[in-house]
Amino acid sequence: MSDIEQERWSRVKGRLRSTVGEDIYSSWFARMDLESVHGESVRMSVPTRFLKSWIQAHYAERVLACWQAELPDVHRIDLMVRSAMRCAAPAKEAPAADPRRPEHGDGRASTELKMVATAPASANHDALGGSPLDPRLTFASFVTGRSNTLAHAAARQVAEGRRGDSIMFNPLYIHAGVGLGKTHLLQAVTWAGNAGTERKVLYLTAEKFMYGFVAALKSQTALAFKEALRGIDVLVIDDLQFLQGKSTQAEFCHTLNALIDAGRQVVVAADRPPSDLESLDDRVRSRLAGGLVVEMGSLGEELRLGILKSRIEVARAHHASFSVPEPVLDYLAKAITHNGRDLEGAINRLLAHSKLNAQPVTLEMAEREVRDLIRPQEPRRIKIEDIQRVVARQYNVSRSDLLSSRRTANVVRPRQVAMYLAKTLTLRSLPEIGRRFGGRDHTTVLHAVRKIEALVSKDTTLSDEVELLKRQLQE
């Protein structure tokens, strides 16, 4: 860009900022760049499709007016997505504006914001208009095992769907701990879904959703924000546990309902099941639980070994001589049990040490380099449903009895024991425990906890029963 064009662009941006206001400018125009000026046509770019669509729908005439104040002969704006420009073959020059272009009633040329030739959206995450995508996180690089087979199969089915197909799982809700592959699956769905041009698949973190909604509220463009989201064919939301704020949650709930009711697919991931998302509104949890809820469990040794081998193959694509002996692989698979990120980190460390020091990978090197990645085995995470099931079996009652309003002695005591265990073995709050036991008040739970605490200190039989239940739940 020449100095003259740069000066013109600075003046146009100043006019635009004055026209729309600082908040709107910062939200929607701060990342817009000038690419070129050709006669009557100005070519500009934005980083995402979402941003392009928004500007095209709501600010086209204002953008054109700002340019015409600087260059009266400009009658056309070509707005493109930068990532598509980088990935596509060079586009042909924009044709000169048609002198017969349609006019408004006052004789002004109609505003034209046109998207020129672009590559498929899968070419780069920016073209999706959502949160950044890692090009490594595809189905091809996802390693399957017993703990993630169902989640993988469900995600593949979503990704391979076509517009108009009947939807089997909606929403698809995947939950897992940190580093177990849920983000990998969600991004794989997005890459695969956007590989063609038929469907619009948008990947957003909960944080990005919140930011977009709050920015729309501040700029008084909330309606456009809602319309844009509800025009998506597949909405993919990651890290839902971070969704905060009543108004944001309400908007997410409305969006969720609108998309599902319209036959659009929704895929969600979080670090816990819907019932454990205490900060979310009951309506949101209920709608999420109404779809397919899939847990991705901890990585078994065989799966950990598969992940290690996969990461080594990736490393060898750039470092052909890199090799990890089988004894080292076995050691890593047995010793690093926490999550897949630690396994990838271990391979990266061995690669760096081997290449930088020009030494082969040995078991001694591995033991030294990954020492801090070997963590104590975490205790099994206990769920309230597990407690209810084990207690019901122990006392020969049904789980529905524990949740009911029955006050008979053979039900009251097991219910109190289950509430006591829920308080001592989980991180759930008293109100949440009460809700999970038939919608009881938190004072009822507190009474049950104190009652059992007092009894186990005096009643050895009950104390033994409670200890037995704890062992069964922790095994």
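Using N, Cα and C of the backbone, Cβ positions are placed for all residues, glycine too.
The following features are taken from Swiss-Prot:
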BINDING   Gly179, Gly181, Lys182, Thr183  ATP binding site
REGION    1-73  region 'Domain I, interacts with DnaA modulators'
REGION    73-131  region 'Domain II'
REGION    132-354  region 'Domain III, AAA+ region'
REGION    355-475  region 'Domain IV, binds dsDNA'
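What Swiss-Prot annotates, mapped onto the structure for a quick look.
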{"residue": "Gly179", "record": "ATP binding site", "contacts (Cβ under 8 Å, 6+ apart)": "His338, Asn339, Gly340, Arg341, Asp342"}
{"residue": "Gly181", "record": "ATP binding site", "contacts (Cβ under 8 Å, 6+ apart)": "Phe142, Asn148, Ala151, Met296, Gly340"}
{"residue": "Lys182", "record": "ATP binding site", "contacts (Cβ under 8 Å, 6+ apart)": "Ala151, Ile174, His175, Ala176, Asp238, Ala269, Met296"}
{"residue": "Thr183", "record": "ATP binding site", "contacts (Cβ under 8 Å, 6+ apart)": "Leu137, Asp238, Asp239, Ala269"}
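Same-chain residues that are not part of Gly179, Gly181, Lys182, Thr183 yet have a Cβ within 8 Å of the Cβ center of the ATP site turn out to be Ala176, Val178, Leu180, His184, Leu185, Ala269, Met296, Asn339, Gly340. Looking only at the region 'Domain III, AAA+ region' (132-354), the predicted model's pLDDT averages out at 87. In terms of DSSP secondary structure, the region 'Domain IV, binds dsDNA' (355-475) contains 84 helix, 0 strand, 37 coil.
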